[in-house]
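The following features are taken from Swiss-Prot:
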- Ser115: active site (ACT_SITE)
- Asp233: active site (ACT_SITE)
- His289: active site (ACT_SITE)
- Cys45-Cys46: disulfide bond (DISULFID)
- Cys96-Cys128: disulfide bond (DISULFID)
- Cys152-Cys160: disulfide bond (DISULFID)
- Asn197: N-linked glycosylation site (CARBOHYD)
- Asn212: N-linked glycosylation site (CARBOHYD)
- Asn232: N-linked glycosylation site (CARBOHYD)
- 1-27: signal peptide (SIGNAL)
Amino acid sequence: MASSCSRRLLAAALLPWCCAAWALGHLDPPSPPPLVIWHGMGDSCCNPMSMGVIKKMVEKEIPGIYVLSLEIGKNMMEDVENSFFLNVNVQVNMVCQILEKDPKLQQGYNAIGFSQGGQFLRAVAQRCPTPPMMTLISVGGQHQGVFGLPRCPGESSHICDFIRKSLNAGAYSKLVQERLVQAQYWHDPIKESVYRNYSIFLADINQERCVNESYKKNLMALKKFVMVKFFNDSIVDPVDSEWFGFYRSGQAKETIPLQESTLYTEDRLGLKKMDKAGKLVFLAKEGDHLQISKEWFTAHIIPFLK
C-alpha cells in the first residue's frame, strides 16, 4: 500500500495537469477572423438594400464575427460620390490608415470587394501588408480593367452618362484620370502603350510599367484569392476581367484568359505561383452583375470566411 507521503507526491504531480485540462475545457472558442467589405460603384457602406444585407448575412452565419464595411467619406452620400470622383489612390491610402488603426484587425482579416471594390482591396493587399489580409474575395471585380461602360446600376445612370462621355473624349488625359474613378481602371487594348504610361492606378497595381517586388510579395502572402465571375454581366466589359482575363492586345473582340497573359507568363504579380500553389479560386455564377442569392452566398462565400 502506498504511503501517505507517496500519495501526496502523486497528487502534487497531477495537480498542474488537472488544472491545465480544466482551463482548456473552459477556454472561450477562438473568435472568427474579422471581415472588411468594400462596396462597388454608386453604392455605399451601409445601404440597407445592398451592403447592409451582406453584413447582416455574414454576422448571422458566423456568430461573433467583426465586420467592417468601409465608408469612404463622412456620410453615405459622400461615400457614393467618392465611388465616382475621388482618386482611387487617395481612397486606398485612406483605407490603409483605417485598417492600421483598427485594433480588431491587427491579427489579420479577410476581405470582400464588390465590383470595383475588388480591385481596390487588391491594391490594399499589395500596398499595405499591415495588418495582414488573409483571404481576398473579389465579387465581380475588374482586375484587368474595363473597356466600356455599358450600363450603370440603380439611380446612378445619369452620372454614368457623363463618365462615359468623358472616357470617350480622353480617358488618359490628366484631368480625367485624376477626377474620374472609372478612368483609373480604364484599359484600352488598342492603345496599350498609352494605357501603360498614363493610367494612374490599374497600370501600377498590375505591374505594367515595372515590377514592384513588394507588391508581388504582399499579394503572394494571401492564403486564398477568390474571384467570382458573372456569366451574364451587363455592366463589366469584358466580363473576363472578373477572372483577370482581358482582350488580346491590339483589338477589342477576342479575349484571352489570365493564363495566356504576359502578367501570368512572366509572373509579374506572382499569380502564376499562387495558381500553382492552389491559392487562386475561380468561381462562376449565372446571372447579371452582383446578382447573388442568400443561398449561393452562404454555400460558396461563407466557407472562405470561417
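Just so you know, glycine gets a Cβ as well, placed from its N, Cα and C.
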> Quick one: which of these recorded positions, Ser115, Cys128, Cys160, Asn212, His289, have their CA within 10 A of Asn232 (N-linked glycosylation site)?
Replying inline: His289
> Residues with Cβ closer than 8 Å to the Cβ of Cys128 (disulfide bond), same chain and 6+ apart in sequence?
Replying inline: Val92, Val95, Cys96, Leu99, Glu100
> What three-state class does DSSP give Asn197 (N-linked glycosylation site)?
Replying inline: helix
> About how far apart, in whole Å, are the alpha carbons (Cα) of Asp233 (active site) and His289 (active site)?
Replying inline: 5
>> Among all protein chains shown, how many Cβ atoms are found within 10 Å of the Cβ of Cys96 (disulfide bond), not counting that one?
In response: 17
> Rounded to an integer, what is the Cα-Cα distance in Å between His289 (active site) and Ser115 (active site)?
Replying inline: 8
>> Just to be sure I understand the packing, how many Cβ atoms besides its own are within 10 Å of the Cβ of Cys160 (disulfide bond)?
In response: 20
> DSSP on Cys128 (disulfide bond), three-state: which is it?
Replying inline: coil
> For Asn212 (N-linked glycosylation site), what residues in its own chain, 6 or more apart in sequence, show a Cβ-Cβ distance under 8 Å?
Replying inline: Gln126
